[in-house]
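Taken from Swiss-Prot, the feature DNA-binding region covers 4-23, 48-56. Feature annotation from Swiss-Prot assigns hypoxanthine binding site to Tyr73, Lys188, Phe219, Asp273. As annotated by Swiss-Prot, domain 'HTH lacI-type' applies to 2-56, with the evidence given as sequence analysis.
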Amino acid sequence: MATIKDVAKLAGVSTTTVSHVINKTRFVAEDTSKAVWDAIQQLNYSPSAVARSLKVNTTKSIGMIITTSEAPYFAEIVLAVEEHCYQQGYSLFLCNTQNEPEKIQNHLDMLIKKRVDGVLVMCSEYTRDSLELFNGTNIPMVVMDWGKADDHSDRILDNSFEGGYLATQHLIENGHKDIGVIAGHLSKTLSKERYEGFLKAMHEANLPVRQEWIYEGDFEPESGFEQMNNLLRLEKLPTAIFCFSDTIALGAISALSEKGLSVPSDMSIIGYDNIHSSRFYSPPLTTIHQSKSRLGVKALNILLERIKIDKTQYQPQTIEFHPELVLRRSVRNLNK
């Protein structure tokens, strides 16, 4: 395997010059630079990424910690981040916590050892101790969506409260007064805010919130299926259900279908996230849209900005996105 000394010998220059050409850390004459690159190509020399990172104090790599990359919502964000990393010349280390808090420390330790230039966090499992340890490394961090507030990190917020309010308000405007909820974990910030938005819209319309119509699970379709079946055992049913994710809505619609009930004739359903497949549900799902690609790209751009500037002069920022209602065919208008 060729070494930097072999390249220097073939190009007729010093190893220091080869290093400057590779890392672009000093001006090198065009003819000399060409000789070095010709030698690199001829010898099939591959510089050590670790050695280069020590020279230029960058690894051109980003870490991303998320709850799970399998869920459609997260998958769409990861895809956008990965593509933008590629366009900017960065590699991406993807770490899934799978809702297991103990994994967060192992992932953070690994990313520190990999000397990543920055980290995107999109999970709610990390602890204050973990953050303090990570902040001690001075590695820039951007917290996306689900994350807790932190004085050292930028935050990208999806405004789940506003989204929960919009979803419920749409049901009310379509004449629904008996409205239920199938939520994700209400201990999670995202679910809690959507539920608070639901409550605000209900209270403004002077509509009662019936606790027997409030169901809590996770964000998977199996949870939507199970909780809808639990709801259907009740004597009195709501006319509409606000599902806290499109995947929950998928399970809920499936449960209704198995009971011979149709959406929206027998029960209206509104989802949240506007994942790619939601337009192909039967019926196409009315939902709350938040641009996953825009969220991912914005978070990465902020992180890259932090990486490039003096950390002592940077003030963490909070950026909010505003959700939008996407009208399809899963909500019945009872006013007609």
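Quick reminder: no glycine exception, Cβ is built from N, Cα and C everywhere.
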10 Å Cβ neighbour count around Asp273 (hypoxanthine binding site)?
28
May I have the list of same-chain residues other than Tyr73, Lys188, Phe219, Asp273 whose Cβ is within 8 Å of the Cβ centroid of the recorded hypoxanthine site, in sequence order?
Ala71, Phe74, Gly184, Leu190, Phe244, Ser245, Thr247, Tyr272
Across all the protein chains here, work out how many other Cβ atoms are within 10 Å of the Cβ of Phe219 (hypoxanthine binding site).
26
Same chain, 6+ residues apart, C-beta under 8 Å of the C-beta of Tyr73 (hypoxanthine binding site), given in sequence order
Phe219, Ser245, Asp246, Thr247, Asp273, Ile275, Lys292
Near the Cβ of Lys188 (hypoxanthine binding site), how many other Cβ atoms are there if near means within 10 Å?
21
According to DSSP, collapsed to three classes, what secondary structure does Asp273 (hypoxanthine binding site) have?
strand
Take the domain 'HTH lacI-type' (2-56) and count its residues per DSSP category (helix H/G/I, strand E/B, coil), listing them in that order.
39 helix, 0 strand, 16 coil
